[in-house]
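Asks: The structure that follows is given in the form of structure tokens.
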Amino acid sequence: MSKQVTILGATGSIGLSTLDVISRHPGQFELFAVTGNTNVAGMLEICQTYQPKVAVMANADAAKLLQQQIEKNGIATEVTAGVDSLVDVASHSSVDIVMAAIVGGAGLLPTIAAANAGKRICLANKEALVMSGDLFLDAVSNNGATLLPVDSEHNAIFQSMPPEVQQGATLSTSGVRKILLTGSGGPFLTKPLEEFGEITPAMAVAHPNWDMGAKISVDSATMMNKGLEFIEARLLFNASFEQMEVIIHPQSIIHSMVSYNDGSVLAQMGQPDMRTPIAHTLSYPARIESGVEPLDFSQLADFTFVKPDFNRFPNLALALEASKSGQGATTALNASNEVAVEAFLQGEIRFIDIAQLNERVLNAHVNSKPNSLSDILELDAQARQFAKQVITQGI
Ligand SMILES: NC(=O)C1=CN([C@@H]2O[C@H](COP(=O)(O)OP(=O)(O)OC[C@H]3O[C@@H](n4cnc5c(N)ncnc54)[C@H](OP(=O)(O)O)[C@@H]3O)[C@@H](O)[C@H]2O)C=CC1
Ligand SMILES: CC(=O)[C@@H](O)[C@H](O)COP(=O)(O)O
Ligand SMILES: [Mn+2]
């Protein structure tokens, strides 16, 4: 019987790659719902091509426009709007799999709803996990949901872990010494530091290896992406700070590794194409065709590794500090970073201001101790407000 899939964030980079994979397996997956925010043209094209049962726009005005186009084109898809609708399609009784691919904290409520409803969650939206941590993981385990990491590094780590860790065993009793979290270093790995003040949004979103949305591309350029991923990996694999190491691998061929007590290091490799981890999580434990060609090792020119430079990438240092401090720090840092990246993309602050702003917000909230979803949402809102205030007053 085919699995019913909801794609949260279908109009984005991960959403479109998911549609590509699903369309290769018509008998295996059926599209229940797709969601977007403001991109009406993108959503109309998805509805025309894939005929989902429901299309949700987070933005009500966009939903009205989509409804008009859906009627005009005689498409059978039902159009709804708002956060409650996002939650509905993530937790609907017909749905088996939820691809969580909304960018940022906006994805938290529908993803938690999917966990509470016991769904298989293919998690791309790292911000949701970073901002809610154990609360999210408890929702998964208390409701029989399955959480599979789509983020390429975490998917690679998952694939390189012994099976008992995937069932909840600890790293140390399973012979794991360390998780080696790889990162490309982004577009500014070797750029002279004195030129960082001149970095434009167009330069920052031009990732050397991956084709991604604007927010995660900027995060890769500041290496906040690796910081968020450090926090994400600690949560997903119950890893201590000391069991984690970040290593720069500019070619993005290895997607991360697990180092074992006996000296073995297991790595997952592949083309930098998200259809591989997406296909893995959709069909796990079975392997399905994803459209991605295997690596041709005879064509790989370079295969290099270097330690990260925290002076060049202060956001990475901040994220590691937040990871040590706890949930209040990671929630606040994530909120600040979302505001900072948006402000940078809008030309309101400079690239180098992102880390400065994040440091101010982190320091102001580092001792917060959120204990519930409402605490998390309140802290997230406070940190965003504070970050916006700092921008207005001058960083
Ligand atoms: N792209 C990649 O290769 C990878 C991405 N990820 C993670 O996956 C997530 C998605 O990334 P990516 O696909 O690149 O991002 P995109 O910017 O390409 O897509 C984001 C999606 O979220 C929707 N969205 C944005 N804001 C809201 C909102 N307020 N409410 C509801 N929906 C909203 C967008 O809708 P609309 O189009 O209408 O704006 C779009 O569908 C991120 O968390 C990212 O960190 C993780 C690993 C790799
Ligand atoms: C594809 C993916 O998972 C991204 O998170 C990617 O890792 C970004 O590249 P960086 O390693 O440069 O952050
Ligand atoms: Mn990643």
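Every residue gets a Cβ built from N, Cα and C, even glycine.
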Asks: Out of ASN37, ASN39, ASN143, ASN238, which one does TrEMBL list together with THR11, GLY12, SER13, ILE14, ASN125, GLU127, GLY213 for NADPH?
Replies: ASN39
Asks: If I go by TrEMBL, which of LYS119, LYS126, LYS307 binds 1-deoxy-D-xylulose 5-phosphate at the same site as SER152, GLU153, SER184, HIS207, SER220, ASN225, LYS226, GLU229?
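Replies: It is LYS126, as the record lists it for that site.
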Asks: When you look at THR11, GLY12, SER13, ILE14, ASN39, ASN125, GLU127, GLY213, which the record names as binding NADPH, what is the longest CA to CA distance in angstrom?
Replies: 21
Asks: I need the CA-to-CA distance for SER13 (NADPH binding site) versus ASP151 (Mn(2+) binding site), whole Å please.
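Replies: Per the Cα atoms, SER13 (NADPH binding site) and ASP151 (Mn(2+) binding site) stand 13 Å apart.
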Asks: Using DSSP, how many residues of the domain 'DXP reductoisomerase C-terminal' (269-385) fall into helix, strand and coil, respectively?
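Replies: The counts are 69 helix, 2 strand, 46 coil.
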Asks: Which residues in the same chain, at least 6 apart in sequence, have a Cβ under 8 Å from the Cβ of ILE14 (NADPH binding site)?
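Replies: Looking at Cβ-Cβ distances below 8 Å from ILE14 (NADPH binding site), excluding near sequence neighbours, one finds MET99, ALA101, ALA124, VAL150, GLY213, MET274, ILE278.
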Asks: Quick one: of the binding-site residues ASP151, GLU153, ASN225, GLU229, which has its CA closest to the CA of GLY12 (NADPH binding site)?
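Replies: In terms of Cα distance, GLY12 (NADPH binding site) lies closest to ASP151.
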